[in-house]
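> According to TrEMBL, the protein has these features:
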- 46-292: domain 'Orn/DAP/Arg decarboxylase 2 N-terminal' (DOMAIN)
- LYS62: N6-(pyridoxal phosphate)lysine (MOD_RES)
- GLY244, GLU286, PRO287, GLY288, ARG289, TYR386: pyridoxal 5'-phosphate binding site (BINDING)
- ARG289, ARG326, TYR330, GLU358, TYR386: substrate binding site (BINDING)
- CYS357: active site, proton donor (ACT_SITE)
Amino acid sequence: MKVIEPISSHFYFGGCDTVQLAKKYGTPLYVMSEDYICERCKEIREDFLKKYENTKAVYASKAFLTMEMCRIIEREGIGIDVVSGGELYTALKAGFPMEKVIFHGNNKTLEEIEMAVKNNVGRIVVDNLYELELLNSVAQAFGKKMKILFRITPGVDSHTHKYISTGQVDSKFGIPLKGNIINEAIKKAIDSSNIELMGFHFHVGSQLFDNSSHIKAVKILVKLMNDMKESIGFITKELNTGGGFGIYYFEGDESKPLRYFTDAIMETIKEECHKYDLLMPTVIIEPGRWLVGEAGITLYTVGSIKEIPNVRTYVGIDGGMPDNPRPALYGAKYEVIVANKMNQEKNSLVTVAGKCCESGDILRYDLKVPKLEAGDILIFKSTGAYNYSMASNYNKIPRPAVVMVSNGIDRLIVKRETYEYLLRNEL
Ligand code: LLP
């Protein structure tokens, strides 16, 4: 067998030469490392599922979902959280076991609820009383009893971008602890013939580096477990503590191992349950970004370069906000490298501009790179989460392909969209 020597000036990912991947599949291109995803799943198994009894983990598929991803997650022994009929449909079509699916959402439609009931989704996280009634009537019509958790707004502020903070009092998600709403909801659930209330869920926010919000929320939730036991006699069997574990994007991001969060969550639940003399519930976590964020990169080709003397140099790439809306939405910053110039000195300063007709379509300001020219391949790192899944067709730009790499082998898992595909629903 001929051994191919790696080219030192090229960037390798998952054992593959990214410059070759750009040639083979074209750009923009999402590349996901299966090895990296599997390592993270192993960390979940070793440091959480095996370490603590009576625990479950589900992957928050909103971060990155394809049928192949469902197959990987199933093989790795983890469940899936979905938030829409479309995500549920993807899991269904991939043959993902429905009992391992948790269905979220603050305004599930009747059709989505029917789909979940019909397909025996494992848990439905009920967000409000309207949904509870709707679910009960659908379950009745199908002659089924659905297991649910109530999503609770714990009233905890997390230190992250306003758009991805969810646990504060003023949130569109979940049942507030203020007033008597939760007592009513629990009573109503207990009285609903086709509902079995298993426990509670909370999610404090996303891209967190500090476990204090999880700890605060857990304390509030275990107190709620105690209050509900004392006032209504309701015994909580399950507590879902959400996701939110942060990853590395850019200097200053202090990402932590999973156990930094999960140990704190488990220890706090144990202590608080002991304090109130409660039985330990089954504890569930649902990381999304943490599992796939650093597993993905995006490849772009450099085109036009515009130098405004003494002001700025804009480097135009063949993608932008349609494949990565995060810089425009959240001011997100990414590390960027030049895949074909890995050992050249970084002596120029550029701004990477997307190709949309929109001044805000800038993917990265003030990037130090080697001298660039048309045809160079730029790589944005840590784009595995909330990039493919949030991509749009703005400016009628087709979405990029997705390639999975593992141990030096690449395989296409999502084809690049075509212009014809863009018009498929137009009459
Ligand atoms: N569970 C629930 C109920 C959630 O709402 C979320 C995320 C997660 C789990 C997973 O959170 P993660 O582990 O990924 O932080 N588009 C934004 C992120 C939105 C997150 C929404 N909910 C971004 O690009 O930063």
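Placed from the backbone N, Cα and C atoms, the Cβ positions cover glycine too.
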> Tell me, in order along the sequence, which recorded positions from LYS62, ARG289, TYR386 have their CA within 10 Å of ARG326 (substrate binding site).
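Checking Cα-Cα distances against ARG326 (substrate binding site), the recorded positions within 10 Å turn out to be TYR386.
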> Near GLY288 (pyridoxal 5'-phosphate binding site), which of the recorded positions LYS62, TYR330, CYS357, GLU358 can be found within 10 Å, Cα to Cα?
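If one measures from the Cα of GLY288 (pyridoxal 5'-phosphate binding site), the recorded positions that come within 10 Å are LYS62.
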> Please report the distance from the Cα of PRO287 (pyridoxal 5'-phosphate binding site) to the Cα of LYS62 (N6-(pyridoxal phosphate)lysine), rounded to the nearest angstrom.
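Cα-Cα, rounded: 10 Å.
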> Quick one: largest C-alpha distance among GLY244, GLU286, PRO287, GLY288, ARG289, TYR386, binding pyridoxal 5'-phosphate per the record, in angstrom?
15
> Within 10 Å of ARG289 (pyridoxal 5'-phosphate binding site) by C-alpha distance: pick out those among the recorded positions LYS62, TYR330, CYS357, GLU358, and say none if nothing qualifies.
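Within 10 Å Cα-Cα: LYS62.
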> Kindly point out which of the recorded positions GLY288, ARG326, CYS357, GLU358 have a C-beta less than 6 Å from some atom of ligand 1.
GLY288, ARG326
> Within 10 Å of the Cβ of GLY288 (pyridoxal 5'-phosphate binding site), how many other Cβ atoms are there?
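I count 24 other Cβ atoms within 10 Å of it.
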> Return the residues near LYS62 (N6-(pyridoxal phosphate)lysine), defined as same-chain residues 6+ apart in sequence whose C-beta is under 8 angstroms from its C-beta, sorted by sequence, else 'none'.
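Expected: ASP81, VAL82, VAL83, GLU87, GLY288, TYR386, SER389.
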> Give me the Cα-Cα distance between TYR330 (substrate binding site) and CYS357 (active site, proton donor), rounded to a whole Å.
19
> Can you tell me how many other Cβ atoms are located within 10 Å of the Cβ belonging to the residue listed as 'active site, proton donor'?
8
